[in-house]
Amino acid sequence: MNNPIPSNLKSEAKKAAKILREFTEITSRNGPDKIIPAHVIAKAKGLAILSVIKAGFLVTARGGSGIVVARLPDGKWSAPSAIGIAGLGGGFEIGIEVSDLVIILNYDRAVEAFAKGGNLTLGGNLTVAVGPLGRNLEGNVALRSSAAVFTYCKSRGLFAGVSLEGSCLIERKETNRKFYCQDIRAYDILFGDTPRPAQAEDLYEILDSFTEKYENEGQRINARKAAREQRKSSAKELPPKPLSRPQQSSAPVQLNSGSQSNRNEYKLYPGLSSYHERVGNLNQPIEVTALYSFEGQQPGDLNFQAGDRITVISKTDSHFDWWEGKLRGQTGIFPANYVTMN
């Protein structure tokens, strides 16, 4: 666990980056179902990252420190503002617990509550819910929640966990003043009046990576959806294949030279001989263009993609029939209603 004792803002920003990595990277201790989804952070209006210590003997007390950052209108993250956390609780609890917390601010009103300064009570001023977990969680799951704040906690100690209900978040004005070398309020820091400091670059690097992950994930999802829709559309638009096809044989194909080659070539489909006798071979092969993709279903079928140009070796007078053609050195039969004459 990280140090919950309040320190300067540079150290708090460094601690925040470390905590955020621990909550979002897959490790031997964190499986893909135990991390904060990229879209939760990518869509967040702000984040508060803290370390908290909780001690109890009949009455429990908690305290800790961290930072809060907000997303600016241009999509970038604001400079960090130092915060503290404090709270009291009842119940017969004995022990000490140190926890790392990531608090996701889902709405602008949550950021504004942090920016106004003073004491902010979680569960009073803002509705709190345990945040969703899992790398493959769909983005709309988080959007369906009405909670202004998501919380994530990792604890080590004798308590089962940390409840933030009733905890107060406090603006650490003196820490901000020392770091920014001026009297400055959280509002001015979180709403972009202060340039983000180089000392917090590690934090910004990991925050920006979530936007990139989310965008890449969205592109992959959109590509898969488009591919599925295209397959559905293609399946609807494909014309029916001819019902009758030449009879298939398991005999190997043998190719000989000369006029005998055509007859031996059709041993894979013995029925094709009468088919050719009915039509005859073309003296000058013609070309057709595939309107649809065709994936062969039996040996001897000619595979092609929409747009391929196929050389026709022999054909019938009907387009609702099987023709024979050649493409990229392969010879086979194909449904004639899948192509158009050039």
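Using the three backbone atoms N, Cα and C, a Cβ is placed for every residue, glycine included.
Residues or ranges marked as region 'Disordered' by Swiss-Prot: 218-266. Here Swiss-Prot flags 226-239 as compositional bias 'Basic and acidic residues'. Here Swiss-Prot flags 245-263 as compositional bias 'Polar residues'. Here Swiss-Prot flags 283-342 as domain 'SH3'.
Helix, strand and coil residue tallies for the domain 'SH3' (283-342), in that order: 3 helix, 29 strand, 28 coil [DSSP].
When averaged over the domain 'SH3' (283-342), pLDDT in the model lands at 89.
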